[in-house]
Amino acid sequence: MGITGMIYMVPMVFSLIVLISCSSTMGYNYFQFTQQYQPAVCNSNPTPCKDPPDKLFTVHGLWPSNDVGDDPIYCKNKTIKSQQIGNLTAQLIIIWPNVLDRTDHVGFWNRQWNKHGSCGKAPTIKDEMHYFKTVIKMYITQKQNVSEILSRAKIEPEGKIRRRDDIINAIRLGTKDKKPKLKCQKNNQTTELVEITICSDRNLTQFIDCPRSSFKGSPFHCPTNHILY
């Protein structure tokens, strides 16, 4: 590359640095607590899951988010060792497994922390261990387990065709009448329910209506009827 080419490259590199910097330092105004249905995750992935999935919704992640504009990502970069997680490991493997590769749970938790959790701010999210403890508290203690919420509404993972409103209304019953966000994936001739997201305020003190939903025409849009779960 000649000098002229290098001169033209400088603004591009600078712009990229600014973009990354802004993305990692911006604030957020709510949290998404996203849980994924294991069989649907395996069915929608190009590479088969290494182990049979459980018929459960387990944690995908807890994500600081914005109702308008981009969400913050990669605010810090820190590798977490398995020994640091210590006695939390047994609980995390149950509620937050790496569904695609169960030999790499710690790698999955690292990716979720670095991309999303690291952008949380104290006192809501103080550090990586507090992030993991917060997720355990939400899923187990505060009963934000989507599988249990659906089960209380008599919606079980039986491979039946469901109505979107029935699923949404069931989640509303468990979240003080706040609207969740659904993600579906078309698989051959059926549309499977892949994820359900519960939203909370930026302090994780109360549920809110999820601001964003997949629009009609999106590959992740859930139809009014004919959702497999």
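FYI, residue positions are counted from 1 along the chain as it appears here.
Just so you know, glycine gets a Cβ as well, placed from its N, Cα and C.
Checking Cys75, Cys119, Cys184 against Swiss-Prot, the residue bonded to Cys222 by a disulphide is Cys184. Binding of RNA is annotated in Swiss-Prot for His60, Asn98, Val99, Phe108, Arg111, Gln112, Lys115, His116; the matching candidate from Gln32, Gln36, Gln83, Gln142 at the same site is Gln36. When Cβ atoms from all protein chains are considered, those within 10 Å of Cys119 (disulfide bond) total 24, not counting its own. On its own chain, His116 (RNA binding site) has Gly61, Leu62, Trp63, Pro64, Ile73 as residues at least 6 apart in sequence with a Cβ closer than 8 Å to its own Cβ.
Annotation note: His116 (RNA binding site) sits in a coil segment as assigned by DSSP.
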